Amino acid sequence: MSDNDTIVAQATPPGRGGVGILRISGLKAREVAETVLGKLPKPRYADYLPFKDADGSVLDQGIALWFPGPNSFTGEDVLELQGHGGPVILDLLLKRILTIPGLRIARPGEFSERAFLNDKLDLAQAEAIADLIDASSEQAARSALNSLQGAFSARVNHLVEALTHLRIYVEAAIDFPDEEIDFLSDGKIEAQLNDVIADLDAVRAEARQGSLLREGMKVVIAGRPNAGKSSLLNALAGREAAIVTDIAGTTRDVLREHIHIDGMPLHIIDTAGLREASDEVERIGIERAWQEIEQADRVLFMVDGTTTDAVDPAEIWSEFIARLPAKLPITVVRNKADITGETLGMSEVNGHALIRLSARTGEGVDVLRNHLKQSMGFDTNMEGGFLARRRHLQALEQAAEHLQQGKAQLLGAWAGELLAEELRLAQQNLSEITGEFTSDDLLGRIFSSFCIGK
């Protein structure tokens, strides 16, 4: 398998459809056109032609589009064949194309990978293609499109350029120490560094919003049996996703629902009631509940308000709180306010949010929705944002750490060499986002998650 091979793949989803598209990219795309179509179509014009088998019989007829490189998505010669979307027809056409020597099925994401390697896209834009396809809300789709059009890359490139200028200034001060002006202590470098740090902080804030849009928040509902966990899942989901009865232990396994709160994806997980298991099935369900809790972004500690007046989670169930992972945020949800007569709403107890509601009637559930959105710092008024992945957040975080360390070196010891090194490392972290500085292993992991035809 070589990167110089000509590749082919179906660009439309598998299964029956009105239209099915095969995409070919590489040096032999021209030969495919001449062999299957009998001619080379006019560049960038839709040509309605028969698609022929090796014996000259017609396999299908449809639209052929020819994009000679480098003016194509991949930067190579690209041919698209748009025929009928029946799986048998597409399979016959694909087999016909693969009889031509030098062609092979594309790896997942290989078309986008070639576009990146041929400088048609940077890495953040290439990732945005997959994010646009996988977008689960209108806001996520718009943000992914902004990233694809270069909004995120432009912000990162601006930071890289600012760091380049700052490095030049710092290294000039190091190389010419005998100048009358002490460049390191005259305040200009500190001012420029502060500007870069402020710009980076703004990008990090937007990236966190973009990450929430892409990945969402994982919330686990946990508590004793019959506390109303499944009723809360149904209230948040807006449908009967879980079976609700008065019988303790009705929920035996993990139930998952995917919803949106003003555009923010929320992964809600209902778990088995936590207690001493009465049988093997319940024991497995409780083990799975704890596994989900350990991976959660937040736990909703569900409490039956008719069984206790306590509001401090440690007082309600100290063993449960002690077993939770350190620093895992907890929201105490006192349920059945319709029975207890408690005042609906949110307050705080020993650093934990406390919400009183009725999962059965839905009263107070909107307060919980707003709390979940605000607890993640999600801004529904964000305009023109971009999507971001975990690796982007990590790169931005590492760059920020290097800039803060560089600032400490500047102000503490006027150590120009150490400042220059921290600036270089920060610049390297930022360049990883757009792919200017990256490893082949990282590229392989990124593009392998794409669709075959992308």
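Note: Cβ is positioned from N, Cα and C throughout, glycine not excepted.
From a predicted model like this one, the values you see are computed outputs, not experimental measurements.
Quick look at what Swiss-Prot lists:
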type    : residues                                    : note
BINDING : Arg23, Glu80, Lys120, Lys454                : (6S)-5-formyl-5,6,7,8-tetrahydrofolate binding site
DOMAIN  : 216-377                                     : domain 'TrmE-type G'
BINDING : Asn226, Thr245, Ile247, Thr250              : K(+) binding site
BINDING : 226-231, 245-251, 270-273, 335-338, 358-360 : GTP binding site
BINDING : Ser230, Thr251                              : Mg(2+) binding site
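When the C-alpha distances from Ser358 (GTP binding site) to the binding-site residues Arg23, Glu80, Lys120, Ser230 are tabulated, the minimum falls on Ser230. Ranking the binding-site residues Arg23, Lys120, Lys229, Lys336 by how many other Cβ atoms lie within 10 angstroms of each Cβ puts Lys120 at the bottom. If you take the Cα of Lys229 (GTP binding site) and the Cα of Glu80 ((6S)-5-formyl-5,6,7,8-tetrahydrofolate binding site), they are about 51 angstrom apart, rounded to a whole number. For the binding-site residues Asn226, Ser230, the largest tally of other C-beta atoms within 10 A is found at Ser230.
Each residue contributes its Cα atom, and for Lys120 ((6S)-5-formyl-5,6,7,8-tetrahydrofolate binding site) and Ala272 (GTP binding site) those atoms are 50 Å apart. When the C-alpha distances from Lys336 (GTP binding site) to the binding-site residues Arg23, Glu80, Asn226, Ser230 are tabulated, the minimum falls on Asn226. The CA atom of Ser230 (Mg(2+) binding site) is located 9 Å away from the CA atom of Ala272 (GTP binding site). Neighbour counts were taken at the CB atom with a 10 A radius for the binding-site residues Glu80, Ala272, Ser358; the maximum falls on Ala272. Here the C-alpha separation of Glu80 ((6S)-5-formyl-5,6,7,8-tetrahydrofolate binding site) and Ala272 (GTP binding site) works out to 51 Å.
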